[in-house]
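Data block below; observations after.
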Ligand code: HEM
Ligand SMILES: [Cu+2]
Ligand SMILES: [Cu+2]
């Protein structure tokens with residue numbers, strides 16, 4: 001059984017060429033998160049491997065068979081030493097995991113107070129069931145976000161109606177949009193390209209369709225695009 | 001489909017129509033069979049009973065029926081998601097949202113809870129040497145209230161008003177402004193009514209365990225299932241009132257125009273706090289009893305006492321305590337700030353320690369034993385690797401910054417099914433196969449049980465393992481479709497295949513029950529070479545099972561007696577008098593009344609609310625003035641007067 005599972009697992013990783021969006025980060029934020037995912041996965045695989053080894057070992061060695069079926073095992077209450085071992089070792093593993101967890105979480109959950117000097121400001125408004133992006137020069141787009149590469153972007157997140165959640169998997173984790181509240185988030189895209197964006201908090205009938213595309217472009221192209229859009233509305 | 005009635009045009013969706021036909025068809029079929037076999041007296045017996053074993057059976061039976069319903073919904077969800085841009089039947093948009101909402105709500109409240117409470121009812125009194133639950137009448141009331149709530153949530157679909165805001169019912173989506181239909185009112189009243197039943201059940205468990213143990217059955221000699229029941233009952237007693245309050249406030253927002261969860265003074269975040277202060281302990285409420293079942297099953301089938309009994313007990317208590325300190329891990333993306341997020345990340349990780357202790361203790365219980373892989377033990381063995389996968393993804397989710405990515409994706413869906421199916425459902429199946437002889441006097445068939453186990457377990461991994469990858473590739477949960485470019489087709493397709501395999505496995509279970517009743521293998525008091533008191537009494541367990549009352553001198557008393565006393569338990573010279581068993585139509589009648597009362601609120605019929613309200617109060621008065629104890633005492637019976 002377990003063998004099949006591992007086979008299936010490795011097949012998946014092979015099939016998808018390891019290109020899972022969350023593990024293919026295009027910003028520092030997403031890279032830190034991806035690191036945490038892989039680091040915690042590795043640590044946890046140690047635990048998993050130990051359990052599976054003991055499990056298979058005990059189950060095959062002590063399984064009932066013709067020789068032992070009338071044997072009554074010796075009474076055994078427990079073993080303080082063993083029990084201390086499997087209390088302390090998990091503590092150590094968790095302590096190791098806690099260090100990067102605390103430092104990255106602390107940094108990424110901080111309320112944004114100061115804006116980097118060269119930051120691009122974009123106001124994001126979520127409503128059932130679309131996204132509106134307004135840029136500094138008054139341009140507005142729907143479900144279509146454009147960003148310059150290598151410059152910090154400060155998103156100001158607001159909701160028109162109910163809770164939504166703003167998520168661009170390759171650029172970083174989500175942030176909820178809460179009616180009546182304002183949230184901020186800063187990311188710096190490091191590579192040009194088109195990335196998927198999604199609403200991640202269930203928000204009603206067409207939550208599924210509340211998606212947007214993010215296009216990260218060269219700074220000059222971006223400025224040009226903004227200019228063209230501006231001329232269009234004027 | 002539309003049709004005309006009383007000069008009004010009604011619309012009925014084909015899925016609802018089909019469900020009506022199926023329900024009425026099966027209903028008539030069952031009536032016919034009951035009538036033909038002349039079993040009305042059995043039905044009356046069960047409806048009016050206050051006996052713990054029969055009530056346990058009622059819980060298990062209704063849980064199985066609801067499992068089938070919510071399982072069908074799971075298959076519908078999986079069919080709609082099998083291929084990109086699918087248009088399966090009517091299940092897009094609202095219909096899909098209703099399907100996962102009722103699937104989740106029913107699975108948690110009307111499958112997981114009653115499966116476990118049912119097993120507690122059957123086994124715990126017998127394990128600790130009690131003649132019955134402490135309050136038999138209240139026990140019946142707990143069950144019927146639970147069933148009334150369950151019927152409310154289940155009937156919403158037939159009234160074409162299913163709840164549709166997810167099992168978490170987040171405000172403001174769940175407020176009248178965004179979902180004015182009756183659906184979420186059904187959710188509120190259904191959970192409220194069954195929640196009262198659950199709280200009463202918890203009180204009953206606590207009193208039974210504290211007051212009705214056999215002489216010598218010290219707390220430190222109790223089987224672990226009884227211990228886990230005790231801890232769970234305390235968790236229910238603390239967590240469920242929070243749900244009651246949350247639902248009550250939401251009811252005011254929806255029906256009476258308050259704005260606790262919206263507007264200037266209110267906030268939708270209050271709902272999330274209240275819901276998860278209840279909701280996280282709830283997931284331990286449904287897994288800790290399963291831990292207890294596994295402890296008993298693994299120890300019995302390895303012919304060894306459980307390894308590290310004390311640390312097992314301490315571990316459940318710590319899990320229970322920590323369970324109240326982690327709720328914000330469901331809210332990491334709300335933006336509660338760096339200190340809150342890191343503190344709750346750490347507390348969540350800490351739960352892994354006691355859980356790990358339990359896993360290793362189970363492994364070392366098997367070591368040096370003689371492991372007999374009967375069907376209950378198969379489920380217990382399948383549980384260990386499965387639950388460990390759910391546990392390690394749990395630790396990964398606790399890493400708050402990583403959870404910004406995981407949150408609300410299929411990674412989470414995979415994680416919680418690994419814990420709830422791998423823990424609760426496998427545990428309940430193990431318990432059902434294990435205690436079935438105590439309920440009916442015969443075993444479930446072993447061969448069919450093995451087929452059930454393998455199909456269900458392999459199907460389970462095929463269903464949920466790929467979902468981790470779908471989540472990592474950016475698939476949010478609660479979506480009814482996806483595109484080909486999302487690159488998640490293969491994961492979803494495999495997942496759907498697995499789901500049908502689980503479905504077939506479940507049919508084997510139902511078939512097994514049918515076959516075993518048709519052709520029962522009577523198996524005596526002690527079919528598994530048991531260790532604890534329940535295996536010393538006849539199967540099925542009679543009304544006053546402990547006669548004479550045993551004197552308990554050790555943990556696993558029956559095993560000790562078999563080793564050293566030729567199987568005879570020492571007899572106690574004192575014994576606690578038994579609770580009063582009555583038969584009564586009141587619990588079922590009162591629950592019916594409460595159900596109508598709820599409906600009058602759901603459909604805003606004020607005069608009916610007043611009339612039924614008065615009737616409910618009158619019932620309370622009537623019940624307060626009923627005194628079974630004095631009556632019994634006058635008849636000179638030896639009964640307990642607590
Ligand atoms: C028997 C096989 C099962 C299958 C194939 C299955 C499948 C699913 C699927 C596909 C979803 C996804 C909903 C979505 O995000 O769109 C879901 C949600 C859920 N399932 Fe299951 N499930 C099964 C059993 C269970 C059991 C036994 C439980 C609990 C004891 C459970 C509890 C839940 C909950 C709480 C949700 C979340 C509902 C929500 O998002 O509001 N499921 N299930
Ligand atoms: Cu949404
Ligand atoms: Cu939780």
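Including glycine, each Cβ sits where the backbone N, Cα and C put it.
The feature domain 'Cytochrome oxidase subunit I profile' is assigned by TrEMBL to B:40-553. What TrEMBL records for B:12-34, B:55-77, B:106-128, B:140-159, B:222-250, B:270-294, B:306-327, B:339-364, B:376-402, B:414-436, B:489-514, B:601-622 (among others) is transmembrane segment.
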Original post:
Do at least three CB pairs under 8 A connect the transmembrane segment (B:489-514) and the transmembrane segment (B:222-250), leaving out pairs fewer than 6 apart in sequence?
Top reply: no
Original post:
Are there residues at least 6 beyond the ends of the transmembrane segment (B:270-294) whose Cβ is under 8 Å from a Cβ of it, and what are they?
Top reply: 108, 112-113, 116, 119-120, 168-171, 174, 223-229, 231-232, 235-236, 238-240, 242-243, 245-246, 249-250, 260-261, 316, 319-320, 323-324, 326-331, 334, 358, 362, 380, 383, 416, 419-420, 423-424, 426-428, 430-431, 434
Original post:
Counting only pairs at least 6 apart in sequence, do the transmembrane segment (B:55-77) and the transmembrane segment (B:489-514) share 3+ Cβ pairs under 8 Å?
Top reply: yes
**OP:** Express the predicted model's confidence over the domain 'Cytochrome oxidase subunit I profile' (B:40-553) as a mean pLDDT, rounded to an integer.
**Re:** 94
